[in-house]
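Asks: The structure that follows is given in the form of structure tokens.
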């Protein structure tokens, strides 16, 4: 299949899946990171005269007031507030202020944020839908559900419906994220796969996080802001009608002729004229995959995993598959802890300006898009990610020992740590699409996503504990230890995948070390 994709080259055939993936991954910033603004914590006070505008700037965050009788404090009675006024310095309205989610209702404010995150975790479980029903079919159906849930959040006036819709937003995002990225990687020629895969995995979040911080500065009403930031999802809905099915997936489910038609269509879109000799070469490059698949599974349709037991059987069927299925989620778990330890622990070194903070942290993700493709080209995925974990560990440890008054030095090393761990994040995305064989590639990607979000929950608990104990340095130490563990895991246990064909079968995973011969054959053909 890689030889066939090399023949049709890189062009418009790959543009649509790349753009679709960029829009989907960018929506993580516009739908989840944006809750920093749409549900921004605000100071409040009791509104003792409902309907009367109070322009005072004094907000005590008290949930009750005392009414004095007989001008005596002794005879005063405490009453719980039912109406509140909010500080509008930074935001005109938020989800919490609209529904008065303060005091005893404050937990509902937290649900607005966490329901989306919980939805992401549940979505990880179903990323394998693309392996069963096809990448494009899943992306199209889930995109419409995604769009509907986003509109419910922005337009429906009922609080619990919004919270439920937020869960669906997170659920749909993760399914789309894993499936679209897998589709993109499966249609990219071998020569460009690692470079484009690395850039796409990072640049989308970077751009849309900057956009989120900038737009939020000018629009201070949460519903208007939410709907404007959802425009990329409308664009995504247009793109899905131009997607072509993954020829690699079609071969694995036995639809050989349709795979050939997709490749021919791709060659026309890329303005490549295929001779009869080239078509025969494409057929020859695909047929070995079919033969290998038939030898493993008598019924060709069984290459698509239909049950949980069959899924486990494939993931843990051979020594190398067992190693990948255990080590890759472990790497994602550690990467999630380190990556999110920086923004979630921001109160120790960040500005009080949330718009500035989001933009600066997003800007820190830009440098990796420039030099990571170069490092991967010469060092490969495994050596590069291992080196970056060591650099991240060094920066995190240095921050712990910097004196409090040297704020700019702490900022410098913190941003440096963000840059290096962003590199690791990019490469982990690539590994997720290249380590697993085609029949379980989406599921393997989903396993990594579950592990990553478990890591986020873990570091959040560590940060909360550190805040309670006044040990601001604890998250840095934990993240540094995780960097060391991630270095050990990546450098010693993961195979190098850069520049090697994607595996279509479990047998090819087992023989990955021999794929240099396949790579040489492709080079000879070219």
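Each residue, glycine too, has its Cβ placed from N, Cα and C.
Note that the coordinates shown come from a computational prediction; the quantities given were computed from them, not determined experimentally.
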Asks: Can you say which of 107-126, 247-266, 267-286, 287-306 is given as transmembrane segment in TrEMBL?
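Replies: So the range that TrEMBL calls transmembrane segment is 107-126.
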Asks: Tell me which of 72-95, 408-431 corresponds to the transmembrane segment entry in TrEMBL.
Replies: 408-431
Asks: Out of 23-41, 42-60, 384-402, which range is noted as transmembrane segment by TrEMBL?
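Replies: The range carrying the transmembrane segment annotation in TrEMBL is 384-402.
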Asks: With an 8 Å cut-off on Cβ pairs and a sequence gap of 6 or more, do the transmembrane segment (107-126) and the transmembrane segment (225-244) reach 3 or more such pairs?
Replies: no
Asks: Sequence-remote contacts (6 or more beyond its ends) of the transmembrane segment (163-184), Cβ cut-off under 8 Å?
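Replies: Same-chain residues near the transmembrane segment (163-184) but 6 or more away: 14, 17-18, 20-21, 24-25, 27-28, 31-32, 108, 111-112, 115-124, 126-127, 129-130, 135-136, 138-139, 142-143, 145-146, 149-150, 152-153, 156, 196-197, 200-201, 243, 246, 429, 433, 441-442, 445-446, 449.
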Asks: Can you see whether the transmembrane segment (354-372) and the transmembrane segment (225-244) are touching - at least 3 CB pairs under 8 angstroms, only pairs 6 or more apart in sequence?
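Replies: Between the transmembrane segment (354-372) and the transmembrane segment (225-244), contact is absent.
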Asks: So what's near the transmembrane segment (408-431) in sequence-distant terms, Cβ-Cβ under 8 Å and 6+ beyond its ends?
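Replies: Those are 181, 194, 197-199, 201-202, 328, 331-332, 335, 338-339, 342, 349, 360-361, 364-365, 367-369, 372, 375-376, 381, 384-385, 388-389, 391-392, 395-396, 398-399, 402, 448, 486, 494, 497, in sequence order.
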Asks: Which listed range (196-219, 225-244, 324-342, 384-402, 469-491) shows the maximal number of Cβ pairs under 8 Å with respect to the transmembrane segment (138-157)?
Replies: 225-244
